[in-house]
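Q: Got a structure here, written out as structure tokens. Questions coming.
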């Protein structure tokens, strides 16, 4: 086991049909269906290996094992001819590479270089803030040709004075009155929680410290950049905290986002920036490693460091109505509970976790098959019953829109990656088109679930959605999920990406 290479990079191609993997020895390319390795190179460690759909074009960045494999050098390879098409060297380390059939984007720590992929001509350079995690996403669709990346942090000055009270609020009429107000503020010394007056620390300017305390750093915005016009189109206010993951849908119309906290997943309309879905992944913070849409935008897969993949069902809801009502809920929430600092951001995220879109559910409303009994589900049911009871009780005292905040929107299906390691892992999922599965081919597999689902016994074939997951441990898992009932996904196949 010690001779196995170290995995530096792993990803699906744009349509989820292939897997590219960079290791300490080189890189490998796999086909998903049927599974098998069809290309391998061992010239040196690779940190980035990106494919252009299922073509022979590869974008490869080395790990610095030798001068030819510098982490600052991008190599465009043709796997059919086993040749290097071109090489481009950048001033700093390359953190991410994304491409579609018309554009190629190279992300450095503080710049994004955009090229015409047909001739590798530099079209534009974007100056950004520090993006050490290499977070960006490009639309695979050349018609809705967008690039998204985190916006530079914004400093917001709070209008609330730290020691202001309702006893000294005055209406500003003249400069003299303004001077009086300033004097009043400067004379006041707030009391601490013990009731004793706080002493000013030597060498600290009260005015400076107050200005610093009243500043809030907002770093949860996302910039949408049009790769055709080479202009930014909008800034989406996605989260309060730092962005951890971004993903554009296959058609480039939807954007999924997650913050560092990892409890809330949001989906936005790329055309107008409106929020169309909001999902609660869980209660406890976790690191989101990837987001991925199905090709038809019906499902969204969220992979986290807790080795769990949550599947959310988006359905075909009306975007405008949903976004308007969600925005109204946000306004109500902001009016009810004003927030002014980092200390309250966690509470705000918890409140926002409960923001519901239940009042907008279409006929495609996610339904989890309640007949499937598991210990985890019984525990969740008990917890959810208490939550709903509390929501109904509190909802009786609030307006309809406010009470809707109390009902969370949960995942439609989920799976737990099978691993013996106790360490956090990174995973990426790809949701394929539905398939017809013969029960006779997998009798043992469906026998375990037949007792909890009568439909398995009354038909020869089942319509299932394949979900492929690749992990940083070097495995590819193929799960299947019921597109109507959801629930626990069933493991169908498992392969090692490291073994020969």
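Counting starts with 1 at the first residue shown.
Any Cβ shown, glycine's included, is placed from N, Cα and C.
According to Swiss-Prot, the record shows the following:
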REGION    192-212  region 'Disordered'
REPEAT    238-278  repeat 'WD 1'
MOTIF     279-283  motif 'L/FRRG motif'
REPEAT    283-322  repeat 'WD 2'
REGION    320-374  region 'Disordered'
COMPBIAS  342-354  compositional bias 'Acidic residues'
COMPBIAS  362-372  compositional bias 'Basic and acidic residues'
Q: Can you count helix, strand and coil residues in the repeat 'WD 1' (238-278) using DSSP?
A: 0 helix, 22 strand, 19 coil
Q: So how many of the residues in the motif 'L/FRRG motif' (279-283) end up helix, strand or coil by DSSP?
A: 0 helix, 2 strand, 3 coil
Q: Restricting to the same chain and to residues at least six past its boundaries, which positions have a Cβ under 8 Å from a Cβ of the motif 'L/FRRG motif' (279-283)?
A: 258, 262-267, 300, 302, 304, 306, 310, 312, 353-354, 408-411
